[in-house]
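Q: Mind looking over this structure? Questions follow.
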Amino acid sequence: MQILLANPRGFCAGVDRAISIVENALAIYGAPIYVRHEVVHNRYVVDSLRKRGAIFIEQISEVPDGAILIFSAHGVSQAVRNEAKSRDLTVFDATCPLVTKVHMEVARASRRGEESILIGHAGHPEVEGTMGQYSNPEGGMFLVESPEDVWTLNVKNEGKLSFMTQTTLSVDDTSDVIDALRKRFPKIVGPRKDDICYATTNRQEAVRALAEQADVVLVVGSKNSSNSNRLAELAQRMGRTAFLIDDAADIQEAWVKDAACVGVTAGASAPDILVQNVIARLREFGGGEAVTLEGREENIVFEVPKELRVDVREVE
């Protein structure tokens, strides 16, 4: 059985930054550090940080006065941000800069009183945070998930209308929704630069190449990870058997026993140690040496806040 690895896969710059913010805050200030929502959607990462003293909460009211609070990589609404400001808290923002870009687009439309449409998945924390940047009662903010949703919209002024997208969507599905928006609202304005982030696009491109060669595709990522789910869906659309797994223990031998080639990738919030564990598990089932496919090189780095720019080793 051949083992192929998608390239790129795993951590993106936004996830690296968010985890570093929590780790550095723990090193500098000590436990406990409060984090609103899971800092990234990965069980292994969250459990590791929890063991070191991070406390994950959903409501600002759960945070005691004087505590350190970190916003997750998915971003928060203005209402949440304002509630935190009203408290005696030290706040660090781990929102991915590419999510912040979308927040700024929505806030700009809100200031102008222009209606906006967000393409995204209802209930996802990134969507809740992005929708929460709009506050102008003269305009309006709408959420759509599919082309069908577009035709149910009732906007006030089709001449002043813009759209944005969640950063972790399927590139193909989003293209279909955008096509529907442009048909329904010919004057609609989109972002100057695509809102779907580089890491989402690159990992979908990589899993497409992987699925062309593999019989079975394993996607390492947690069930609540949007970008990981999209990778599994894409492999399935290409006619491959695909499984979304948290770790190597999830793999059943029956999944791969008849496969000549198994492909492995990882969502943007899944650490490489989980991929290495998957490779080890597949080798127990008769797999050979893992081979990494060619792919796009990623060199993007997002800096942590200056207050947290410290060599963690200096404070240990």
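Backbone N, Cα and C atoms are what each Cβ position is placed from, and that goes for glycine too.
The [4Fe-4S] cluster binding site annotation in Swiss-Prot covers Cys12, Cys96, Cys197, and the record cites sequence analysis as its basis. What Swiss-Prot lists as isopentenyl diphosphate binding site is His41, His74, His124, Ser225, Ser226, Asn227, Ser269, and the listing cites sequence analysis. The dimethylallyl diphosphate binding site annotation in Swiss-Prot covers His41, His74, His124, Ser225, Ser226, Asn227, Ser269 and is backed by sequence analysis. Feature annotation from Swiss-Prot assigns (2E)-4-hydroxy-3-methylbut-2-enyl diphosphate binding site to His41, His74, His124, Thr167, Ser225, Ser226, Asn227, Ser269. The active site, proton donor annotation in Swiss-Prot covers Glu126.
Walk me through where these features lie, including what they touch and how far apart they are.
A: Around the Cβ of Cys12 ([4Fe-4S] cluster binding site), the same chain contributes Cys197, Tyr198, Ala199, Ala268, Glu298, Ile300, each under 8 angstroms and 6 or more positions distant in sequence.
A 10 Å cutoff on Cβ-Cβ distances gives His124 (isopentenyl diphosphate binding site) a total of 17 other Cβ atoms nearby, all chains included. Taken residue by residue with DSSP, His124 (isopentenyl diphosphate binding site) is part of neither helix nor strand, so it is coil.
When other Cβ atoms within 10 Å of the Cβ of His41 (isopentenyl diphosphate binding site) are tallied across all protein chains shown, the result is 29.
Sequence-distant neighbours of Thr167 ((2E)-4-hydroxy-3-methylbut-2-enyl diphosphate binding site): residues of the same chain at least 6 apart with a C-beta under 8 Å from its C-beta are Cys96, Leu98, Val99, Val102, Glu126, Asp195, Ile196, Cys197, Thr200.
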Q: Around Asn227 (isopentenyl diphosphate binding site), which residues of its chain at least 6 apart sit with Cβ under 8 Å of its Cβ?
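A: The answer is Thr168, Ala199, Thr200, Arg203, Gly221, Gly267, Ala268, Ser269.
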Q: Which residues does Ser225 (isopentenyl diphosphate binding site) neighbour through Cβ under 8 Å, counting only same-chain ones at least six apart?
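A: Counting only residues 6 or more apart in sequence, the Cβ neighbours of Ser225 (isopentenyl diphosphate binding site) under 8 Å are His41, Asn42, Gly267, Ala268, Ser269, Ala270.
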Q: Among all the protein chains here, how many other CB atoms are within 10 A of the CB of Ser226 (isopentenyl diphosphate binding site)?
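A: Here the count is 24.
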Q: Using an 8 Å cut-off from the Cβ centroid of Cys12, Cys96, Cys197, can you name the remaining same-chain residues around the [4Fe-4S] cluster site, in sequence order?
A: Ala13, Gly14, Val15, Ala73, Pro97, Leu98, Val99, Thr167, Thr168, Tyr198, Ala199, Thr200, Ala268
